[in-house]
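To start, the structure under review is shown below, and the notes come after it.
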Amino acid sequence: MDLLIIEKAIVGIATAIAAYTDYKTGYIYDWITIPLVVIGAILRIWQQDWIGLGLGIGVFVFLYALYYTGKLGGGDVKLFSGITLVIPTLEGQFFLFNVLFFAAASALGFYSLYYLFRIWKEKIKIDWKENHDQVRMAFLLGVFSVTFLGLMIFTHALSLYVGIAILALFLLACIYIGVEHTVKKNFFLEHVGLEKLEEDEIIATEFLTKEQLEKSGLNLKKIVGETEKQKLEKLGITKVPVYRNAPRFGPFIFVGTLIALAVPEFFSILFFSF
């Protein structure tokens, strides 16, 4: 049997299990990701694919920085690293990039519509002052998206219909980004006692004062460990704001993986010239 088929099966099965556990529990467990990383490392060394091994290590280092600052879960970091080690490239393209593109596109489209609908249905008032930074970011992203994609379509570097579809997705995401603070505050935010904090809990630092951030050491690091708990206790803080019930990304990683495996040459087709 072709080794590539086995590698595809390994990644497909791992992401399917991760999607299920993330959907059911909100966690992507080590018993899924660690074997994937180990198998991937063995495959790279056995094939003497040092570039692939380096890519896997590089992905882990980069994503760990995002984990440290609370931008990404630990399970996601290990899952993405494992995917890269098992399949570094496919059809000459960086496989994880394709996975992330399709996963992010599907997640952005789904969750943007879902939470915007909930805001409308539940008649939640949007405080534009609280969302000031998000609105500015959304505006800049919108201007960039329209300019960049318009240029790509005008120069025939991108298909008109595909360009319009991507632009619609980006603009939908911009609307969501503009009200992101409201979404987090109404759907994700909880105040939890220090003793009830879970391992690697992500703190909603925007709801802490600047002084609390500096004295607790959470101004950069957004993950609470025992050291941070002790500092918070000394500050007299018994409850901290955390993000729970956050959107599950695992199922979309699985969707992104399936599409990336089915259409590995997607970007070669997407960007064309006459």
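Placement of Cβ uses the backbone N, Cα and C atoms for every residue, glycine included.
Over in TrEMBL, the protein carries these features:
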| type | residues | note |
| --- | --- | --- |
| DOMAIN | 11-106 | domain 'Prepilin type IV endopeptidase peptidase' |
| TRANSMEM | 26-43 | transmembrane segment |
| TRANSMEM | 50-70 | transmembrane segment |
| TRANSMEM | 94-117 | transmembrane segment |
| TRANSMEM | 137-154 | transmembrane segment |
| TRANSMEM | 160-179 | transmembrane segment |
| TRANSMEM | 249-272 | transmembrane segment |
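For the transmembrane segment (137-154), same-chain residues at least 6 beyond its ends with a Cβ under 8 Å from one of its own Cβ atoms are 160, 163-164, 166-167, 170-171, 173-175, 177-178, 271. Across the domain 'Prepilin type IV endopeptidase peptidase' (11-106), DSSP helix (H, G, I), strand (E, B) and coil residues number 76 helix, 4 strand, 16 coil.
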